[in-house]
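Colleague: Just dropping this structure here.
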Amino acid sequence: MISLIVLSLLFTLTSACTNQSSEILVTYHGYFNDKARLEIIRESVNDSFNLEKRPIPLSDFDVIEVSLCDYGRISTTLHTSNAVKHVQSHRKMKFTTTKRRKTRPTTESIKVTQLMKAQELWDMGLKGQGVRVGVFDTGLGETHPHFKTIVERTDWTNEKTPNDGLGHGTFVAGLISGTSEECPGFAPAASIHIYKVFTKKQVSYTSWFLDAFNHAIMRGINIINLSIGGPDFTDRPFMDKVWELSANGIILISAIGNDGPSFGTLNNPADQMDVIGVGGVNSEGRMARFSSRGMTIWELPDGYGRAKPDVVSYGASVLGSALDGGCRVLSGTSVASPVVSGAVALMLSGIEDRALWNAGVVKQALLEGAVRISDSAASIFEQGAGSVDLLASFKFMRKYKPQVTLFPSHLDSLDCPYLWPFCADPLYAGALPKIINITIISGLSVSSRIEEPPVWEPFSTESANVLRISITYSAQIWPWTGFMALFLSVNSEYSSYTGNVSGRIRLTVVSDHLGEKRRATIAFPVRLRVIPTPARSQRILWDQFRNLRYPPGYIPRDDLREKQNPLDWNGDHPHTNFRLFFQHLRADGFFLEILGEPLMCADLSQYSVYLVVDPEEEYFPHEIDLLDHAVNKGGLNMIIFADWYNTRVMEKIKFFDENSKEWWTPETGGSNIPALNDLLSRWGLELADTIIEGNATIGDLHSAIKSGTVISRAPAGTHLSYAAVNDITEEIIAADPSLQKPINAPIFALLRNNATGSGFVSIFSDSSCLESKSASFESCIPLVDILIDAAAYGVPHSFCDLLVTIPSPLIPLNSPPHRSDLSHHFTVISSVVEHIEHNKVSYRNLPSCRELPPADAFVIENISYPGDISDRNHEAFARVVFSPRVSSINNQVKMNNMIPKGGLLLDSSFNSSPQPGLIYPFISLLAFLILFLLLAKLCRWRIFTRARILGTRIM
């Protein structure tokens with residue numbers, strides 16, 4: 001996997017405005033020749049500039065070199081042009097190569113073509129002939145003996161040679177079309193187009209990709225393999241071009257990343273809906289540890305991520321072509337990606353109808369043919385639809401009829417652990433809505449739309465009464481894909497209900513394909529477990545609204561020692577990097593509700609604990625008032641896990657971005673201590689800007705502190721825990737280990753209000769100890785267990801005896817940390833703050849809480865949820881719904897025949913009118929014959945004879 005890192009970490013000094021130049025990437029609404037593009041720029045820019053010459057004269061973008069002093073003004077001016085689509089800095093990309101397990105073939109290495117039964121298609125005479133594959137990588141040598149069908153090799157870098165100086169591109173190309181008997185590729189007869197977009201120094205630029213992508217469109221490439229990716233999903237020109245490629249019928253297959261086994265580690269562009277994102281498994285078909293996991297984090301904090309990867313395939317210890325002409329072994333999702341690309345090229349060579357060669361149909365074929373991997377513990381966020389089954393997908397395409405597929409294809413609380421976390425978290429009355437994000441893949445046309453709002457069809461009146469479903473969806477399905485989000489909750493009058501509720505969401509997709517009206521109706525089966533509303537002592541509110549992540553801002557890592565990952569980009573969500581913590585709480589019988597909106601959008605009186613972990617976002621003053629009242633008078637208990645904050649350290653870890661010629665400074669620290677101090681001031685508590693690391697011990701509880709803060713102020717009566725730790729603040733600033741000093745610091749505080757009906761406030765120094773990657777001996781989860789039990793049953797004296805109860809207030813030695821003036825971007829990414837100057841905050845207006853109308857319930861009786869909807873060949877559900885008795889709360893609805901594939905296909909047709917059932921032709925024929933019988937009496941038997949002949953022709 002080649003990991004794109006948009007931000008170049010160069011610690012070099014520069015002034016705010018010098019004689020240096022900066023590059024602007026500007027994209028247009030359409031393609032223009034060199035002269036027309038120059039005129040567009042000159043209409044907007046009066047300053048001097050240099051225009052980089054494009055290798056393709058007809059282009060939809062330019063790179064403009066301007067003075068650094070003029071960068072901001074020129075960017076703003078270009079935005080005003082009607083011809084300009086987008087303006088941003090020209091981004092530099094770096095990568096790290098695929099993980100190497102071995103350098104030479106061994107008995108452990110695998111020949112993937114054999115495992116995936118490519119021989120069966122080869123025996124049919126299929127070897128990828130007629131399929132054009134673009135390999136976007138590090139190039140390929142001209143005389144490499146493994147390749148016989150290289151059509152062209154193009155260099156889009158500044159090295160002026162398409163040769164591979166690294167070996168990565170050679171390996172990738174070999175998996176697709178290599179001819180070596182020892183390490184064969186899937187499609188040796190495919191037409192291979194080599195696009196060198198990375199140098200041997202592992203550098204690329206957005207413009208290099210854009211030029212190469214435009215060339216691929218002009219060449220009529222069918223498949224592009226991208227064994228690349230990175231966490232930045234805000235490179236708009238790159239993403240727009242990916243959508244354009246898909247819209248032009250090009251199938252993009254991309255590696256999802258090697259950042260596993262942590263969740264929330266998907267890479268772009270594999271996380272885009274129209275791209276086929278590929279994860280990795282080993283030779284035994286089990287999840288590879290290195291393979292990145294879902295969910296996508298674009299939608300956070302107020303929404304919920306999509307299921308990715310789409311599929312997985314072999315990516316560990318795989319044999320492929322080596323730079324020296326032999327074979328070698330590599331591992332990584334950049335291996336799994338060309339395995340799928342080669343398999344798709346082989347498959348397409350047996351599909352005569354080239355109208356099916358598109359991202360929508362191919363993704364459907366891979367999803368429908370996929371088989372759940374043998375590792376039964378792998379969820380949909382790990383394996384997607386499952387492992388690619390080449391023969392099953394080929395068979396699907398051979399029999400293909402335009403249709404719509406949903407991913408996931410169903411929602412079933414009993415389908416565990418595959419549908420984790422949905423299967424692990426039952427519904428109950430009074431809870432915040434649970435969200436599931438469904439991807440819609442349309443094979444009708446590149447552009448489709450949902451004909452009317454999706455319909456909720458419960459299978460009983462009871463299900464209709466219990467479950468409340470709200471639905472949002474994309475108005476346009478383009479290119480090939482869209483989304484449907486379900487917001488699930490239980491009506492308040494069913495707080496004692498126990499049981500499963502079931503039904504389906506029905507939606508109809510329509511398109512106008514080359515003048516032909518197409519429509520398909522699909523069903524999304526739902527079976528959800530509903531339980532009685534848990535006691536308040538079991539309910540915990542997780543504040544997701546307080547979590548910001550990279551991108552779109554520079555949110556630094558929580559552990560300052562972690563050099564490999566300088567950015568906090570995993571979402572800080574209970575279903576991503578705090579997954580094991582979430583599972584622990586559920587196993588202990590607690591229910592975690594996730595709030596992606598401000599606190600006024602939740603009823604705080606329903607929860608025993610308010611949990612905020614690693615917060616970067618600010619608080620509205622009204623939110624602080626609500627918490628003040630809820631804790632002091634409403635019995636709510638507040639548990640905070642903080643992280644480091646120090647403006648001098650933030651100054652130290654800033655870096656110079658070569659793209660914009662600007663310094664990138666963290667928007668905040670590991671957590672936003674000034675914001676937390678605003679909240680904690682209501683209780684006389686305060687956190688300092690001292691950064692510590694070490695081990696904390698509270699009785700038998702042991703936890704690691706990696707880059708934590710210390711408690712600097714507390715009122716008399718506060719229970720504190722001190723730890724012998726190291727103050728690493730000056731060490732980090734000066735990069736001098738000798739400046740590290742041991743201190744005895746308060747790392748945990750517990751403040752109880754003895755008033756009746758009040759809760760407690762607790763703070764721990766660091767949040768890294770809750771993350772899934774923390775070893776068990778480093779975890780502070782046992783401390784959370786004690787605090788949650790204390791919230792329910794009171795703080796035990798035995799725990800307080802382990803703490804120091806201070807008889808007089810703890811007074812800070814220094815003033816509290818102020819908000820940073822180094823970065824002016826925080827106000828852009830914050831949903832709370834409009835302006836910050838000299839630690840004074842101007843707040844935005846309070847947002848409205850999300851209120852979605854419930855979908856109307858149309859009850860369909862005499863239908864039960866199938867026993868195993870996860871089985872794609874399951875026909876029971878289709879059989880029982882041919883002629884059901886139908887009733888409705890609001891009106892009558894008609895059931896259509898159903899085919900369970902990727903959701904239950906209810907109807908698919910290619911005209912604008914609904915398709916009649918089988919009974920209607922007979923009724924029509926009977927009416928026709930009756931009419932002729934009447935005519936026979938009037939017009940004698942000769943007409944009847946003609947009618948009988950005509951009737952024979954119709955039959």
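Backbone N, Cα and C define each Cβ position, glycine as well.
What TrEMBL says about a protein is an automatic prediction, not a curated fact.
Residues or ranges marked as active site, charge relay system in TrEMBL: D137, H168, S334. Sequence annotations record features per position, and here TrEMBL assigns domain 'Peptidase S8/S53' to 128-386. Marked as domain 'MBTPS1 third' by TrEMBL: 407-533. Taken from TrEMBL, the feature domain 'MBTPS1 fourth' applies to 534-793. Marked as signal peptide by TrEMBL: 1-16. As annotated by TrEMBL, transmembrane segment applies to 918-936.
Burial and contacts for the listed features, if you can.
Modeller: Cβ neighbour count for D137 (active site, charge relay system): 26 (other Cβ atoms within 10 Å of its Cβ, all protein chains included).
Take the CB of H168 (active site, charge relay system) and look out to 10 A: across all protein chains shown you find 26 other CB atoms.
Summarised as a single figure, the pLDDT of the domain 'MBTPS1 third' (407-533) averages 96.
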Colleague: In the domain 'MBTPS1 third' (407-533), how many residues does DSSP put in helix, strand and coil?
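Modeller: Final tally across the stretch: 12 helix, 70 strand, 45 coil.
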Colleague: Provide the number of Cβ atoms within 10 Å of the Cβ of S334 (active site, charge relay system), excluding the reference atom itself.
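Modeller: Excluding its own Cβ, the number within 10 Å is 33.
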Colleague: Looking only at C-alpha atoms, tell me how far D137 (active site, charge relay system) is from H168 (active site, charge relay system), rounded to the nearest Å.
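Modeller: Cα-Cα, rounded: 7 Å.
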Colleague: Take the C-alpha atoms of H168 (active site, charge relay system) and S334 (active site, charge relay system) and report the distance between them in angstrom, rounded.
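Modeller: Rounded to the nearest whole number, the Cα-Cα distance is 9 Å.
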